[in-house]
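Only one structure is covered here, and it is reproduced in the block below.
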């Protein structure tokens, strides 16, 4: 891990995969086929890509019951406790409809309504994370979404991972389909004979899933397209090098394109973390992945003071930020861009991945500049409410008509005047 | 305007323009050119499309002062009053950062932070609406965005409409560029020598602007891609036919692709509105546009009762909904999908376009199923806050490590255990 003195703009080597022209064409063809042929196309693509011919896509209750037998009781309890924490945090994001009343009788407000339906994509293979099921489903549940559909590509024996099924059941999903890839996204967006379409699709996936989500966006809503995971640790001399190194590696093991960065004011810590990373890396099961990630996208930035360090963090706009400094809370107000902020040495990033409660679906790739963690609001929409009173239209009607005429919209002016002329 | 009895699903003829392959290629080339050549490319495209060669893009203060002379004092006052109403409504959308504390010392929360910068696109020509400036800029201002940039294509004499400049000044915009089209979107997204990039681009535009926004999405945030305007009026026998007809026409005059629909339980009202629309249409300045819109996308749906009528409205998911029934407020809870809901006969839709306060940037094309009006939240983002206490990690650390191992992420488990082993 290189140690680099901060000077001016910190240019970050980012890695965005927006797909090749071939991949985009392939995804467009899959979506067109599913729209044209429905279940038959989904079945054919599932056979082609997942190497299993399914007679029916939907997961049966017996499969969920079977899954419980394959997960230890203790682990089931941990998943339940995590689900409760996630539920409890997300409930606090709930915001009621509101209104204001004016003396003249006018009422203005905002109505909050859950989406009718949501679809959650859960990747297959080694990226099939039960925690990801909880993090996507629970906000939708808290939001009040009545129909939540989960899709995930089956293994070649036609099954989904036990942990994923258990997590889905604990989160309260009652409709699960064993389909994946662009064909699953297309089925969720446009519906097939056996799968009704949904209003929004969330959840991570490979490049084909990401491209398919981008393609259907507008016909249905999607969450942000996720990039590789990122962590920045902002630390001074009070931080423990072994803890910082372990947290950096916990991101690095996700993906060779993950980015782990330390920003510190302490040359001593910089060097200590450098050797700790090397030492801990050498004994990690996923050391190939983590090693390449650290090599290609890892860095230790040495800043001259905390202000400069904070500025580096804001330029990075990291998905995860840990602040491990003497007065960590004092820096919170200065952090403008970060998906999740972990404060103090006990707030190790995995605490947030699984258990504490806040969502682990976070803006990556610098999009924390303008995006937020997945939340209850992502599964609700608002409607403005306008109850204009007779008194109000009497008082303001002529002005509204004048404004409409300034914009050349005569019918707008006349609509208001149709009322005015009756007074 | 046809009268149609509701039976089963109401299938709506929608009109989405997602552009031709040629248009998409043109937009991609413009964006690539602006990224490669900056100001020079923007200047060349402005000369090509707007037929004016500009030595500098930025609007000078003297041009704003000049604009004030071209707008009547009375109109300036109306714009000011509208701006105050819009400000006042949007302030109520503000939501503070929050936190919860637990007995063991853990703090969880959510920090709300404004975007650093936002760019507002204002269309040129006859679609240059001062109200659109207010509706896009004021939420960003209320959100706390420090740098707000406005762009709008100049007329061939190198000027912007006076009303637009006055509205921008009243809304508090200090940085305005006379550029439009895909080249303006590219300049806002990626920056040029003279224009710094922004974090989010909002505002309506033609198909090239819409395609460009879709293209840069991800590198910067965008608002929804706007489709043609829509209104649905839900009315019973208490509604006045002339008022309903006038409101339907106020949408129809926007665009030949606009959609104006009446859903009513009253055959008498249906017929009366039908003849009122014909009569009022014949004397409208924009009768060509409104006439085609009514012909192609207008309809009167006759429902057997209010429940059925409400169901039709929810299927339509209209941008604007007016409820003009005996007990209009009583129906509010049943409306699941609508961008803005106008209640009672005095809440004519233009009241919301200009003056009442709620935003007129609303989800079109059925996207009210999952989208919301433009709001203060669109110009802020959230960061999760996790301050995990020593006691909390002592109590829950082993469970978190277990969850990580279930997902095969050993470095995640070790990060937590690095703390645990020191207790």
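The backbone N, Cα and C atoms fix where each Cβ goes, and this holds for glycine too.
What you see is a predicted model, and the numbers here were worked out from it, not measured in a lab.
Binding site for substrate per TrEMBL: A:251, A:254, A:320, A:353, A:407, A:412, plus A:229 from the candidate set A:229, A:275, A:375. Within the set of recorded positions A:121, A:183, A:206, A:319, the entry lying nearest in space to residue A:229 (substrate binding site) is A:319 (CA atoms). Overall, the recorded substrate-binding residues A:229, A:251, A:254, A:320, A:353, A:407, A:412 cover a maximum inter-Cα distance of 56 Å. When the C-beta distance to chain B is held to under 8 angstroms, the recorded positions A:183, A:319, A:407, A:412 reduce to A:407, A:412, listed in sequence order. The two recorded residues, residue A:319 (active site, proton acceptor) and residue A:254 (substrate binding site), have Cα atoms 13 Å apart.
Cα spacing between residue A:412 (substrate binding site) and residue A:121 (NAD(+) binding site): 44 Å, rounded to the nearest whole number.
Neighbour count (other Cβ atoms within 10 Å of the Cβ, all protein chains): 27 for residue A:320 (substrate binding site). Remark: of the binding-site residues A:254, A:412, the most isolated position is A:254 (fewest other Cβ atoms within 10 Å of its Cβ).
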